[in-house]
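According to Swiss-Prot, the protein has these features:
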type	residues	note
BINDING	H14, H16, K100, D248	Zn(2+) 1 binding site
BINDING	H16, L17, R18, N42, H137, L220, H252, A264	substrate binding site
MOD_RES	K100	N6-carboxylysine
BINDING	K100, H137, H175	Zn(2+) 2 binding site
ACT_SITE	D248	active site
Amino acid sequence: MVTTLQLTRPDDWHLHLRDGKMLTDIVPATGRRFARAIIMPNLRPPITTTTQALAYRKRILAAQPKNLDFEPLMTLYLTDNTIPEEITRARDSGHIYAVKLYPAGATTNADFGVTCLHKLYPVLEALQQQQLPLLIHGEVTDPAVDIFDRERVFIESHLIPLLHDFPALRVVLEHITTQEAVDFIEAAPPNIAATITPHHLLFNRNALLAGGIQPHYYCLPVLKREIHRQALVAAATSGNPKFFLGTDSAPHAKTAKETACGCAGIYSSHAALELYAEAFEEASALEKLEAFASFHGPDFYGLPRNQDTVTLIKTPWQVPESLPYGDDALIPLRGGTTVAWRLAE
């Protein structure tokens, strides 16, 4: 039985850090586990320009403890008003690695998102020319579409036509949740990839809905049926380089989750790598974790793999029931329960 795992230090290719005084509560947990992270731009107001992204980067670095060497990889928030020249500025900055597409209203702070992709074709052409990846929250927001079908319908109605018009566009379909998304990525050319979260590997929609509403398991895209969870596990453990780690760790105050209309988002940075190890161990595929966590992401982004390592030890520990979050608290994924793997300090 494996009791110790030494891995090339991984990166998180989908992370929410928030802003302001919450940064000092959130950044350290990621920096202890990951060397780099793609930082989501859906602040309020969103990060829509290179100037804003570089300023946000400075705030993140200022919140980092002195003993950590964590690099935030910045992104821009695509809006109906984004111009091609901004894409050039982003690429030339040396610190912006992608542009994020949120369909308007699809998730937290997506009010400024895109309402019509066709109006942004000049921007998408610039992204294709600059080879700057487009990161996509792949769900439709049509109220007539069942929430459990929004990812599948987005792929069929929007993503396939988009890639027909921009075949060389580098795309990451973020936080995939369905068998249909797995099938699409597997059949797609090498410029198309996907991230997978720990919570979508470990849980199906029973965690959210069975035995009473569990607001701390509410995220977007929502947890799906067990058949879809199994498809995600098979993809993550397959060794296919198109699938890589992206936690989508998204902290919200406890009071914003435990309410009549709670926010979508699951916070997992406190134990992200440990939770991935648990999922891979359950699938008898621990030997595949390093490639998924440490190799596939940088290879897709054209970045060097990290040179240092992290070590996980098979020592159960109890996740705190809550963690500090500004003037409030947040409930971490698996709060108050035991996780099988521990990060060696």
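From the backbone N, Cα and C atoms, a Cβ is placed for every residue, glycine too.
Recorded features from Swiss-Prot, shown on the structure.
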| residue | record | Cβ contacts under 8 Å, 6 or more apart |
| --- | --- | --- |
| H14 | Zn(2+) 1 binding site | I38, M40, L135, E174, H175, T195, T197, G246, T247, D248 |
| H16 | Zn(2+) 1 binding site | I39, M40, N42, D248, S249, A250, P251, G265 |
| R18 | substrate binding site | I26, L43, P251 |
| K100 | Zn(2+) 1 binding site | M40, P41, N42, T75, L76, Y77, L78, L134, L135, I136, H137 |
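Close to the recorded Zn(2+) 1 site, the chain also has L15, I38, M40, N42, L135, E174, H175, G246, A250: residues not among H14, H16, K100, D248 whose Cβ is within 8 Å of the site's Cβ mean position. Other Cβ atoms within 10 Å of the Cβ of L17 (substrate binding site) number 23 in total over all chains. When other Cβ atoms within 10 Å of the Cβ of L220 (substrate binding site) are tallied across all protein chains shown, the result is 20. Under the DSSP three-state reduction, D248 (Zn(2+) 1 binding site) is assigned to coil, being neither helix nor strand.
Neighbour density for D248 (Zn(2+) 1 binding site): within 10 A of its CB lie 28 other CB atoms from the protein chains shown.
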